[in-house]
């Protein structure tokens, strides 16, 4: 019986390379292939040195191989994944999508991972979503949250051309996730590209409107519990200080507010530690892949008995 799921990484850029190092440490995932389109790609060269089979001939090469992966992690672009996703599904390959394509349901591990373990395709939403939606979820599971607003500040040098070209998509997708996964009735997302040099690590502020008579101790405890859960796969995720509670005011629209400040320091596997915004995407994707693999391997083992 196999003890690890066979994995292909589609894409050979910075995120794919950082993801590779995380997958190599996994007890549940075995990276076997890296697929790119540039024969001179540094990511493909690194993957070859680490023992993976590589190609610059794209997804069609992977799908033509006699042995197929169980899981594909795709870190290319939205239009590439939208084209490839039906091919993966037809081949019986599960897909974890790190692009904005959103073909399948969006997943935030502490909030809704268990609901989508059998989905053929899951989407990792955005870096801002992975960092902030867990906090909104932590509050909304204790009290009603009529409005939540998140502000994600990331080092400008960590934002590549894809992020810059899709700022509007980032804010819309993250805002929607604050509502549909975080549990807020209305959500808003803002991203700031911080030009500071030396670069600052990712910092996020999460505002949640709450009832005036809310149990503040229960909310604070729920936030701490979720932070600990995120730290199991992103050790550099931490609260900057205790959640801050404010009474209703004109500035808050007459509602009480809890404000949470977090920062995300990357593990430094391939990307620099200040790029916590990218690290949390690869770490969360690895976590999702591991849980899918555990579930799949357990089901396979049960069926074999």
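Cβ atoms are placed via backbone N, Cα and C, with glycine included.
Swiss-Prot lists 127 with the feature active site, acyl-thioester intermediate. Within the same chain, residues at least 6 positions away in sequence whose Cβ sits under 8 Å from that of residue 127 (active site, acyl-thioester intermediate) are 152, 154, 202, 277, 278, 280, 281.
A 10 Å cutoff on Cβ-Cβ distances gives residue 12 (NAD(+) binding site) a total of 26 other Cβ atoms nearby, all chains included. Secondary structure at residue 12 (NAD(+) binding site), as computed by DSSP, is coil. Under the heading NAD(+) binding site, Swiss-Prot lists 12, 13, 14, 15, 158, 159, 160, 161, 162, 163, 164, 165, 166, 277, citing sequence analysis as support.
Its Cβ taken as reference, residue 160 (NAD(+) binding site) is surrounded by 12 other Cβ atoms within 10 Å in the chains shown. The binding residues for NAD(+) are recorded as 12, 13, 14, 15, 158, 159, 160, 161, 162, 163, 164, 165, 166, 277; their greatest pairwise CA distance is 20 Å. When Cβ atoms from all protein chains are considered, those within 10 Å of residue 164 (NAD(+) binding site) total 11, not counting its own. DSSP assigns residue 162 (NAD(+) binding site) to a helical segment in the three-state reduction.
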